[in-house]
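Here's the structure, in structure tokens; my notes come after.
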Amino acid sequence: MKNFTSVDQIENVNALVELAKSIKKNPFGNKQLGENKTIGLLFFNPSLRTRLSTQKAAQNLGMNAMVMNLNNEGWTLEFEEGAIMDGNKSEHIIEAAQVVSQYCDIIAIRSFPTLTDKEKDLAEHVINSFVKYATVPVVSLEGATEHPLQALADILTIEEQKQTARPKVVLTWAPHPKALPHAVPNSFAKMMLKADVDFVITHPKGYELNPEVTQGATIIYDQDEAFKDADFIYAKNWSSFTDYGAILSRDEKWMVTNKKMELTNNAKFMHCLPVRRNQVVADEVLDGPNSIVFEQANNRTYAAQAILTQILENAK
Amino acid sequence: MKNFTSVDQIENVNALVELAKSIKKNPFGNKQLGENKTIGLLFFNPSLRTRLSTQKAAQNLGMNAMVMNLNNEGWTLEFEEGAIMDGNKSEHIIEAAQVVSQYCDIIAIRSFPTLTDKEKDLAEHVINSFVKYATVPVVSLEGATEHPLQALADILTIEEQKQTARPKVVLTWAPHPKALPHAVPNSFAKMMLKADVDFVITHPKGYELNPEVTQGATIIYDQDEAFKDADFIYAKNWSSFTDYGAILSRDEKWMVTNKKMELTNNAKFMHCLPVRRNQVVADEVLDGPNSIVFEQANNRTYAAQAILTQILENAK
Amino acid sequence: MKNFTSVDQIENVNALVELAKSIKKNPFGNKQLGENKTIGLLFFNPSLRTRLSTQKAAQNLGMNAMVMNLNNEGWTLEFEEGAIMDGNKSEHIIEAAQVVSQYCDIIAIRSFPTLTDKEKDLAEHVINSFVKYATVPVVSLEGATEHPLQALADILTIEEQKQTARPKVVLTWAPHPKALPHAVPNSFAKMMLKADVDFVITHPKGYELNPEVTQGATIIYDQDEAFKDADFIYAKNWSSFTDYGAILSRDEKWMVTNKKMELTNNAKFMHCLPVRRNQVVADEVLDGPNSIVFEQANNRTYAAQAILTQILENAK
């Protein structure tokens, strides 16, 4: 593995999950692998779990982590090739990416979508600019269209928690006051389509995700029907993909409640966090015995550590 | 010791001071204790001494430190239980505290009071929410009502500098242009009331601290009288507790000057810093030979290291 | 070497370049030198290269690095001696510098000029206040008048890349939409005047740098003439020194293009970065085979590491 910016880059999900499981059992067992290696964690957007878990994963491997918030600590970046830089952008991505590559063995970046410029978002403009110009591996800490480290933590959690060989996993849209990106549901969908699960997506009409992403998934518009016999309910809001970035519904009937969960096969409840309580999910579910959101969060460390391990091994 | 958010949690001040003294002599002598351990330093407010000294203390113990400014790097937090999160708060403290607990062995937090919502401040709303939901020990880096790491550095400094077995220590209010919290004087008062000192508090009428905190202390409203025979003068501004958060006086006569210091028994001058020069204290005192403010600042490292040592030892 | 805030403090450039070269060959060979040592990296202004390369250099030496953005994470600083601090400045530099000295073995600071108060800038007000009050060595991460770590990386790069014993080095002004500091051209000029090179400065009339800095340099107002037979072209914008901080020209004819470069002796192109593309330099030059800007950026690590090595060795 050179870069890790999409679930598509995972050749063997099972092997990666097994690697993450073995790291979880012995997180400090490979501290010499990252000795004298540095990871740069670059943020264009807020982060809690991703930042701390990736920093932790790097330190578990003996790496140094350098964290930068690019919006207020560094220079404003220009991304357009051929630009005449006579405005307020001080540095071009061409230089920034190659310069950071001089100091870091791995570059990890968070950059959310615009949700207004669909073409630019779909091109994964920022992350792919780093990939293009960096001379070291690039890891996505959530891009415009994917959050692959989250999806890896999610499949690890499902593998640990599943009670049957082939569980039914339901990704359900849920209401939210703000327009949210598609990165998490996209990566989760891609991961589920690679995994040994029955995968169902449920959402109101108009909330269809990118069809290139969901090809092969079962889409059911009736949430109650979708929940039937589910072993895992993964709740997440996203804005419309077709009517790009729009909020088409805030229908509270889509909130995940105990009553909804009763339709399932005693399903575990999952969410990537942060979550809007009593909008996306009722307190009773999130605080209930079937919620495994903290196990998901905990697994972020081992997912990141598995990816960093593969990248460092590959670079040897 | 599990959490350290109040001076009240110190069972044996002398033993803790002796631990800090021994750490000061050999700060790197226990680097294996924190090996593979991580402390999360979370800031809702500015910090210089506290941040650097706690980070240094952690590194002296071999720990990794992850620093986050929660206001601009993370998600806006909701603290109300049962909240319907349809506004601008993205993450609930319930999740935030438990998630950070997945990545950190100790969580340390700075959160100043509102100085407008007395009930919430007295409940130590933010810090105690972390204590409630975190699954790892929580350390206060200054809360709404206490700054216990400062108080521990203060008693260590007094123990090092005292010339008599039972010195007279005077906490004096001093003027300041802004409304300041009670955390430092509260923790200092609590610490002095546990220590082997004669403790006097002096301030203008109306500036009485929380009586639950100062019970047992001698309060004298005449600063000159209070300063007589003092061995240590600890200057600090605070806003009114009764007329909560109000500035009742900016009387310059309360500024600590050489003339005031002449009333004492050649007292040492203390302040937690940052200090407003020529408001709280005259340059002549702060820059004079009896000022021990840098020794206090230096001792912040060893106070923090003593607390982290106790927490790590306790967690073994 | 105690402090490093000016190229003037370098006693022997050749020895320092040789040290940097040897460090570059074996960057992790001296990790015990910085063991249990801490560097504080304090920023009043944005930074990418300087921050990451200095942090990397410190880690290569086994040091801990503590990074603070003083503008939004710490307290607002007062620099005037004798100030009555009744305004919005919370902490005096006297305390800040001495306090940070309690926690750090080396303090490194970035503080750009005002470009409005020439006297204060020329006095290197902020950095020299730290030098005055700190009790540990101070390193400039770019001050008001000098950027000595950049200049050391520049001479290292020239020494590595030169094809003749005594190359011709041309520092050329180039247009830019914003008023920029003199720190980089000042330190570069000082360094070239110490080095074994023929040094020429070219700029439009009115852009003369501080004559105390450029004494001994050849100044040519005709860029084409200056470029003749050059082995290195170092492009940089700066604002007027005489008409302090003013932009006197944005003449695009001064942009470095392939046509301009054809006048040289197949010169290498240098810039400290960040650079405004197609303002200061055309894409064709920056992306061309003779551009060595990334080698310069890479050498920032070894320049910083050489300085930190000398300071740590000196402090033994």
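Residue 1 is the first one shown; counting continues down the chain.
Each Cβ is built from the backbone N, Cα and C atoms, and glycine gets one as well.
Automatic prediction, not curation, is the source of TrEMBL annotations.
Among the candidates B:LYS56, B:LYS89, B:LYS228, B:LYS236, the residue that TrEMBL names alongside B:GLU142, B:HIS176, B:ARG276 for the N(2)-succinyl-L-ornithine site is B:LYS236. In the three-state DSSP classification, B:SER47 (carbamoyl phosphate binding site) falls within coil. Rounded to the nearest whole angstrom, the C-alpha distance between B:GLU142 (N(2)-succinyl-L-ornithine binding site) and B:LEU149 (carbamoyl phosphate binding site) is 8.
Sparsest Cβ environment among the binding-site residues B:SER47, B:HIS147, B:CYS272, B:ARG276 (other Cβ atoms counted within 10 Å): B:SER47. This prediction places the mean pLDDT of the domain 'Aspartate/ornithine carbamoyltransferase carbamoyl-P binding' (B:2-160) at 96. In terms of local Cβ density within 10 Å, B:ARG300 ranks first among the binding-site residues B:HIS176, B:ARG300. Annotation for B:TRP75 (carbamoyl phosphate binding site): same-chain Cβ neighbours under 8 Å, separated by at least 6 residues, are B:SER90, B:GLU91, B:ALA96. Under 8 Å, Cβ to Cβ, and six or more positions away along its own chain, B:ARG49 (carbamoyl phosphate binding site) finds B:LEU273, B:ALA297, B:ARG300. Recorded residues B:CYS272 (carbamoyl phosphate binding site) and B:HIS176 (N(2)-succinyl-L-ornithine binding site) have their alpha carbons 14 Å apart, per Cα-Cα distance. In sequence order, the binding-site residues from B:TRP75, B:LEU149, B:LYS236 that place a Cβ under 8 angstroms from a chain A Cβ are B:TRP75. In the three-state DSSP scheme, B:LYS236 (N(2)-succinyl-L-ornithine binding site) falls into the strand class.
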